[in-house]
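Enquirer: TrEMBL lists these features:
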type	residues	note
ACT_SITE	206	active site, proton donor
BINDING	19, 21, 203, 294	Zn(2+) binding site
BINDING	21, 23, 176	substrate binding site
DOMAIN	14-345	domain 'Adenosine deaminase'
SITE	227	site 'Important for catalytic activity'
Ligand SMILES: O=c1[nH]cnc2c1ncn2[C@H]1C[C@H](O)[C@@H](CO)O1
Ligand SMILES: [Zn+2]
């Protein structure tokens, strides 16, 4: 029996999130309050509802560069230690309220230096916020340190990430506009991370195609792909069946996790609707697919929303949602023993109980 999960049940299901930006998930009310507190005068409006709408409308302009435009205002209020701690703590609580039991949240500390913080101080503030926000034990969170792909300081950012690897930083990433900024520009940073036996995920195959994915995986040592959705360009579907090109085969054979973010991709014009999103095909082909939010504020979403949209678009049931969740937990950069514990103590019992009851008693505790 695999009845269609309802939104309320999905909220109570244990969920795992690998791709969520700290500066893409602020509460609109917090943006307004922090702007007032710290004298940031650039907001387009200080009405909380209008601001929330401004972000989602601004993000949905079918272009990654336009999507990234709106971050100016969240980054604008993330320049003080207190503000970063607060936003990270609220992020942890919001995710836990949504039933997320493990998350990797990412942020580019270089964006927080306008008022005198150092890279290390910015990272420490994020970690402190996560410590506070996870203290009730509902959720565990690792920080992914991101470098911006158009900048030239990724080695320095990678060094800062490594300095905090024993305090909650779990990996390194690059983000920002993909076109014209190939990951190989940051090869020295990736080498440094790999030489220290640390973890790499790379935004690749979102706004740009196969060459970006190839460089990320084969040259830069990406263990996971942020989005990776354009891998479908190497897959041919005909009446006679499906043919995978060499890169598409490699990514599937090596079980390279795809951090897919359906709503964000619709916002940036990768596809027109969730129903047309390649996640349907990639799940059928049994790629190591995971589902993620990317930017909860800009995309007006949550983990439960993303899953509910997949249920709606593809008819997914509990087996599919559990499979996506297990894929994510297996692909996390958290240590192996802790991943196993979350799988055995939270995910499997949670989904078993939901399936059995069909009602959704409290399951994530
Ligand atoms: O989906 C994305 N693709 C590329 N860059 C992104 C995406 N979402 C957020 N970013 C950028 C904007 C943020 O300021 C930065 C760090 O979180 O990462
Ligand atoms: Zn992203």
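Positions of Cβ are set from backbone N, Cα and C atoms, glycine also.
Unlike curated entries, TrEMBL annotations are predicted automatically.
Relative to the rest of the structure, where do these features sit?
Expert: Non-local contacts of residue 206 (active site, proton donor) by the CB criterion (under 8 A, 6+ apart in sequence, same chain) comprise 64, 178, 226, 227, 228, 229, 230, 265, 268, 270.
For residue 19 (Zn(2+) binding site), the Cβ neighbour count at a 10 Å cut-off comes to 30, with all displayed protein chains included.
Proximity of residue 23 (substrate binding site) to non-local residues of its own chain (separation of 6 or more, Cβ distance below 8 Å) is seen for 71, 74, 75, 78, 107, 108, 111, given in sequence order. For the recorded site, residue 23 (substrate binding site), the DSSP three-state label reads helix.
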Enquirer: Cβ under 6 Å from an atom of ligand 1: which of these binding-site residues qualify? The list is 19, 23, 294.
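Expert: The ones that qualify, in sequence order, are 23, 294.
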Enquirer: What is the set of residues, excluding 21, 23, 176, whose C-beta falls within 8 angstroms of the centroid of the C-beta atoms at the substrate site?
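Expert: Neighbours found: 22, 24, 68, 71, 75, 106, 107, 108, 111, 146, 175, 295.
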Enquirer: Only counting partners 6 or more residues apart, tell me which same-chain residues put their Cβ under 8 Å from the Cβ of residue 294 (Zn(2+) binding site).
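Expert: Sequence-distant Cβ neighbours: 19, 20, 21, 24, 261, 263, 264, 301.
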Enquirer: Under 8 Å Cβ to Cβ from residue 203 (Zn(2+) binding site), same chain, six or more residues apart: give me those in sequence order, or none if nothing qualifies.
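Expert: Those within reach of residue 203 (Zn(2+) binding site), by Cβ under 8 Å and sequence separation of 6 or more, are 149, 173, 174, 175, 176, 178, 226, 227.
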Enquirer: Taking the recorded positions 23, 176, 206, 227, 294, which residues show a Cβ-atom distance to ligand 2 below 6 Å?
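Expert: Correct list: 294.
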